[in-house]
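S.K.: Copied straight from TrEMBL:
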BINDING   GLY14, MET15, GLY16, LYS17, SER18, THR19  ATP binding site
Amino acid sequence: MRRPVVIGLTGSIGMGKSTVAAMFRRLGVPVYDADAAVRALQGPGGAALGRIEAAFPGVTGVAGLDRAKLGAAVFGAPEKLRVLEGILYPLIAETQARFRRRWRHKRLVVLDVPLLFEKGGWRTVDMTVVASAPARVQRGRVLARPGMTRDKFAGILAQQMGDAEKRARADLVVETGRGRLLTWRTVRALVRELG
Ligand SMILES: CC(C)(COP(=O)(O)OP(=O)(O)OC[C@H]1O[C@@H](n2cnc3c(N)ncnc32)[C@H](O)[C@@H]1O)[C@@H](O)C(=O)NCCC(=O)NCCS
Ligand SMILES: Nc1ncnc2c1ncn2[C@@H]1O[C@H](COP(=O)(O)OP(=O)(O)OP(=O)(O)O)[C@@H](O)[C@H]1O
């Protein structure tokens, strides 16, 4: 039996990655959501909680992880972020392997991974797809989110590979700044070709 074509989907904050992922799902393509996997590991009863508490005392409780507290501890402290990644990434790799086994009979699957290029996940996929829009569209979307500030946005951008580099590395760029219909048609054409 042929194994599925594996697409790695990524994009910077506010570029429409989640919306593109939802379009793949609507077309019947299984989508692995790396952010959701991280949240499940860190939520109430999550498999990573014990190890996170041991490394960062005081950041977990009955409700799971206090993300803001841990974020304050690790963002801006690269060596601490590496410790957190060392705890989470082997567990994430397991959940991803389970996803791949579960859908091995499919022709096409998508891995939605925010840090696909930054963390090397691109090496394990057949094709990379980057959701992208002009910077002013991205900015407008992100600053409209509740709780978002210019400083926070700048801080997040500074931590991510830039959009230009992601676009240059992508096998396919899906434009999300020129209406949903265009985005939908692009995703549908890709699924028809590969699915
Ligand atoms: C530290 C945590 C708890 C903070 O959670 P919080 O909800 O406050 O922030 P959020 O997850 O939305 O991240 C904010 C921004 O930082 C970026 N970011 C998150 N983790 C990392 C990382 N390891 N390296 C670089 N950027 C990161 C995200 O892409 C996002 O743009 C959380 O980010 C975390 O557990 N990170 C480690 C796991 C990871 O690498 N996740 C990335 C995607 S799989
Ligand atoms: N053609 C389009 N494709 C995708 N998103 C679009 C499009 N047109 C408008 N949008 C809007 O842009 C926003 C993009 O948000 P979305 O959550 O998909 O981004 P994201 O890249 O997943 O962001 P984050 O990484 O911050 O979660 C949404 O509010 C969505 O409704």
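One-based numbering along the chain as shown.
Even glycines carry a Cβ here, placed using N, Cα and C.
Map these features onto the structure and tell me what's around them.
M.R.: For MET15 (ATP binding site), applying a Cβ distance below 8 Å and a minimum sequence separation of six or more within one chain yields VAL130, ALA131, SER132, ALA133, GLN138, ASP163, THR176. MET15 (ATP binding site) falls within neither a helix nor a strand when secondary structure is assigned with DSSP, and so counts as coil.
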S.K.: Other than GLY14, MET15, GLY16, LYS17, SER18, THR19, which residues of the same chain sit close to ATP? List them in sequence order, counting a residue when its Cβ is within 8 Å of the Cβ centroid of the site.
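M.R.: Output for this site, in sequence order: GLY11, VAL20, ALA131, ARG141, THR176.
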